[in-house]
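Pasting the relevant annotations from TrEMBL:
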- Arg171, Tyr173, Leu188, Lys190: FAD binding site (BINDING)
- 120-235: domain 'FAD-binding FR-type' (DOMAIN)
Amino acid sequence: MHNTQEGFCQSFSKNAGLVSTCRSLSCCFWCRTCVLQAMSGSEQDWLSLRPREPSPSQCCGGGCKPCIYDVYEKELAQWERAKAKQDKSLLTEKREQVDLPPSHPGACALMSSNSVLNPDTFTAFSVSSVEQLTEDTYQYKFELPGNSSLQLSLGQHIVLRGVVNGLEVQRAYTPISPGNAEGYFEVLIKYGELLMLASGTGLAPMLPILQSITDNEEDETFVTLVGCFPTFDKIYLKPLLQDLARYWNIRIFYILSQETSLEKLPWSYQENTYTGRLNEDLMKTIINSCRRRPFVLICGSSAFNEDMTRYLKAAGIEENSCFVF
């Protein structure tokens, strides 16, 4: 995606049934075999080999068959069989059928004979240029080896995979470059950005907006939610907020006005929680962490709304870029 120097692509067609396995071969089969042989049969070793369940951000929402969750269930079943028999070789059965290509900078996937894409795995390509077309729209150009082309048929699109905010993200795009373009392909990626400032029950009107964004796989709006509460115990809807924070384009910060230390908080909250009040300096820090000037939604008491409007103006956000509930 936008903050990585590699794009991971794969052909996909709903009509033809070409699908993504949503995997990248980051090491060869023989390296994995050596690692497995060196490991003991302890419970901890087996747990370290257990497949990780995908996060919502890793599903492109394109109706892939199999979906990344189907792949996870299949690998989990394979792991469970291997663990039951205490035989780690069963974990590599599928990989033994893979013929890896010669090493090539940045590449970690198989290449088919008639296309640089393979419907069974991802291929790494370098981003050669990024052009900003509008305030929130960018044109990405990816390099293809030699004079090769994507060779996509009508109705096909590609799945791009990258890492954003530490989360693996997958999205489906239709290239805007000509179908016979050689040596490159281009896609348009649109980003919007929202900053939500909520105090106490002011969180309520923010949630439907957040959920409408996460429920729409084509919506790539970045959202930063800042929730202000007296104490950790008084944070509303913690499980829902934690679930929303798993999405690649959602960040959630907590400001706890009556807490004096983060040490007693669960470790998963400590990194994105501040003690004290949301003041002008902290507001500037949050604004500067955004990718671009955000549109701001504010909801809280009258005093909170007035303070936030004043802090935002000091940070360079004008009134026409804010909405107060």
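Glycine too: its Cβ is placed from the backbone N, Cα and C atoms.
TrEMBL entries are annotated by machine, without manual review.
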Of the residues in the domain 'FAD-binding FR-type' (120-235), how many are helix, strand and coil by DSSP?
17 helix, 57 strand, 42 coil
Could you give the mean pLDDT over the domain 'FAD-binding FR-type' (120-235), rounded to a whole number?
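Average per-residue pLDDT within the domain 'FAD-binding FR-type' (120-235): 84.
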Around Leu188 (FAD binding site), how many other CB atoms lie within 10 A of its CB?
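The answer is 14.
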With FAD as the bound species and Arg171, Tyr173, Leu188, Lys190 as its recorded binding residues, calculate the greatest Cα-Cα distance and give it in Å as a whole number.
12
Please list, in sequence order, the residues in the chain of Tyr173 (FAD binding site) that are at least six apart in sequence and whose C-beta is under 8 Å away from its C-beta.
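Once residues fewer than 6 apart are set aside, Tyr173 (FAD binding site) is near His157, Ile158, Val159, Leu160, Val187, Leu188, Ile189.
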So which one is it: of the binding-site residues Arg171, Lys190, which has the fewest other Cβ atoms within 10 Å?
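Lowest Cβ count within 10 Å among the binding-site residues (Arg171, Lys190) is Lys190.
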